[in-house]
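Right, one structure below, let's go through it.
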């Protein structure tokens, strides 16, 4: 901000009478009409907290029922009226999540190698190409 010069003002006399101290309730409400601004963390703080949380835990990240519907939908293309044991669907989900976690780790390394912190589709493509999954 640009600095501005202060102009001299004529005083109107002696000291003004002292005001009474405000009550605690009046002091706590802000001067902007009593609407308190909600607390917000800085960008990236919550993301880092989530990363640490999910790295510590071992539970499945994808919800079970949507994954089961996806498995059944894909299986319909190969054979109709297929039945799945619940353990088979859980095994598929474990394998799928392990694969995705590994892929995202490699993708992140590709992004870091390109001096970026944001992963992009080209990072996933490069990671898969290096792995030999996609020519």
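Every residue gets a Cβ built from N, Cα and C, even glycine.
The region 'Disordered' annotation in Swiss-Prot covers 1-40.
Summarising the annotation, Swiss-Prot assigns N6-methyllysine to 5 (among others) and lists experimental evidence as the type of evidence. Taking the Cβ of residue 5 (N6-methyllysine) as reference, no residue of its chain lies under 8 Å away while being at least six apart in sequence. According to DSSP, residue 5 (N6-methyllysine) is assigned to coil rather than to any helix or strand.
Annotation source Swiss-Prot lists site 'Not N6-acetylated' at 5 (among others), citing experimental evidence.
Annotation comment: Swiss-Prot describes 10 (among others) as N6-methyllysine, evidence class experimental evidence.
Residues annotated as N6-acetyllysine in Swiss-Prot: 10 (among others).
Feature annotation from Swiss-Prot assigns phosphoserine to 11; the stated evidence is similarity to another entry.
The phosphothreonine annotation in Swiss-Prot covers 12.
The N6-acetyllysine annotation in Swiss-Prot covers 15 (among others).
Residues annotated as site 'Not N6-methylated' in Swiss-Prot: 15 (among others).
Swiss-Prot lists 19 (among others) with the feature N6-acetyllysine.
Among the features that Swiss-Prot reports, site 'Not N6-methylated' is placed at 19 (among others).
Per Swiss-Prot, N6-acetyllysine is recorded for 24 (among others), and the stated evidence type is experimental evidence.
Per Swiss-Prot, site 'Not N6-methylated' is recorded for 24 (among others).
Residues or ranges marked as N6-acetyllysine in Swiss-Prot: 28 (among others).
Annotation comment: Swiss-Prot describes 28 (among others) as N6-methyllysine, evidence class experimental evidence.
When Cβ atoms from all protein chains are considered, those within 10 Å of residue 36 (N6-methyllysine) total 9, not counting its own. Per Swiss-Prot, the feature N6-methyllysine maps to 36 (among others).
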